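Some features that Swiss-Prot has for this protein:
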ACT_SITE  Lys6  active site
ACT_SITE  Asp137  active site
BINDING   Pro95, Val96, Cys97, Ala98, Gly99, Leu100, Gly101, Gly102, Gly103, Ser104, Ser105  ATP binding site
Amino acid sequence: MKAYAKANIFLKLTGFDSRKYHLLESRFILLKDVFDELELVDKESDSKKEFEIISNFKCENNIIQKAYLLLSKRYNNELKELFSKKSLKLTKNIPVCAGLGGGSSDCASFLLLMNETLNLKLNLQELINLSIQLGSDIAFFLSGFHSANVSGCGEIIEEFEDDIPNLKWTFPQISCQTKAVYDEFDRGIFDFQKNNNQAQIYKKLSTKELLQNFKNKELNDLFTPCATLYPKMKSYLQEDFFLSGSGSSVFKVDR
């Protein structure tokens with residue numbers, strides 16, 4: 001099963017919820033050319049792990065592990081039986097700490113794979129309700145939408161009929177830590193009401209219109225704090241690249 005990456009075309013921070021989590025308004029688009037892959041494979045006879053992930057990257061504290069534990073509360077017997085014979089193979093292609101939602105997409109694909117393999121018969125809303133307990137971007141990947149306006153803490157998804165130009169991607173070898181970038185944003189001067197007003201305009205426009213008519217700093221509130229924390233990102237800000245998420249992946253319209 002393929003776990004596709006996403007890009008944020010705009011990302012405006014508009015306040016905090018009761019937990020002090022950031023509220024956002026954003027346009028997410030699915031990137032069908034950038035994906036991880038998940039599959040069930042036969043378990044090695046000498047493996048002693050109850051749930052084993054075989055991967056080309058370090059999996060400790062992985063969000064998939066958390067999804068497994070959450071599902072185990074309701075489907076412990078089914079999961080134990082399956083993973084007594086199978087391991088989960090995860091092939092990572094999506095850059096890590098790059099603003100492309102790789103971990104969230106992997107988690108969504110794992111939930112979908114378990115729903116299908118074990119015939120759990122969970123509908124989309126039930127899957128989204130589970131995902132809210134795991135992470136903020138997972139709901140978009142569960143939806144299957146190619147483009148959506150996303151709000152709240154990432155759990156409110158509205159499909160958007162979009163016009164998406166070809167994008168040319170650059171993946172700097174810089175690991176941008178999401179929490180650190182958000183914390184840097186919080187140290188600055190911001191106007192949540194202004195951000196929300198801008199977002200209400202942006203969410204009505206196509207991706208093509210947004211990238212043609214607005215500056216990179218206008219579209220993504222995290223670009224300036226990202227460049228402050230990671231000075232090598234400043235050149236991309238100055239050269240009119242657009243930033244996805246909290247970085248470090250950047251893009252331009254491929255003209």
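From the backbone N, Cα and C atoms, a Cβ is placed for every residue, glycine too.
Calculated from their C-alpha atoms, the gap between Gly101 (ATP binding site) and Lys6 (active site) amounts to 6 Å. Look at Ser105 (ATP binding site): DSSP puts it in a helix. Other than Pro95, Val96, Cys97, Ala98, Gly99, Leu100, Gly101, Gly102, Gly103, Ser104, Ser105, the residues of this chain whose Cβ falls within 8 Å of the Cβ centroid of the ATP site are, in sequence order, Ala5, Ile94, Gly245. In sequence order, Phe28, Ile29, Leu30, Leu31, Leu100, Gly101, Ser105, Asp137, Phe140, Phe141, Ser244 constitute the residues six or more apart from Lys6 (active site) in its chain with CB-CB distances below 8 Å. Annotation for the binding-site residues Pro95, Gly101: lowest Cβ count within 10 Å of the residue's own Cβ, Pro95. Neighbour counts were taken at the CB atom with a 10 A radius for the binding-site residues Gly99, Gly103; the maximum falls on Gly99.
The DSSP secondary structure for Asp137 (active site) is coil. Taking a C-beta cut-off of under 8 angstroms and a sequence separation of 6 or more, Cys97 (ATP binding site) has the following same-chain neighbours: Ser175, Cys176, Gln177, Thr178, Ser248. Look at Lys6 (active site): DSSP puts it in a strand. Around the Cβ of Asp137 (active site), 25 further Cβ atoms fall within 10 Å across all displayed protein chains.
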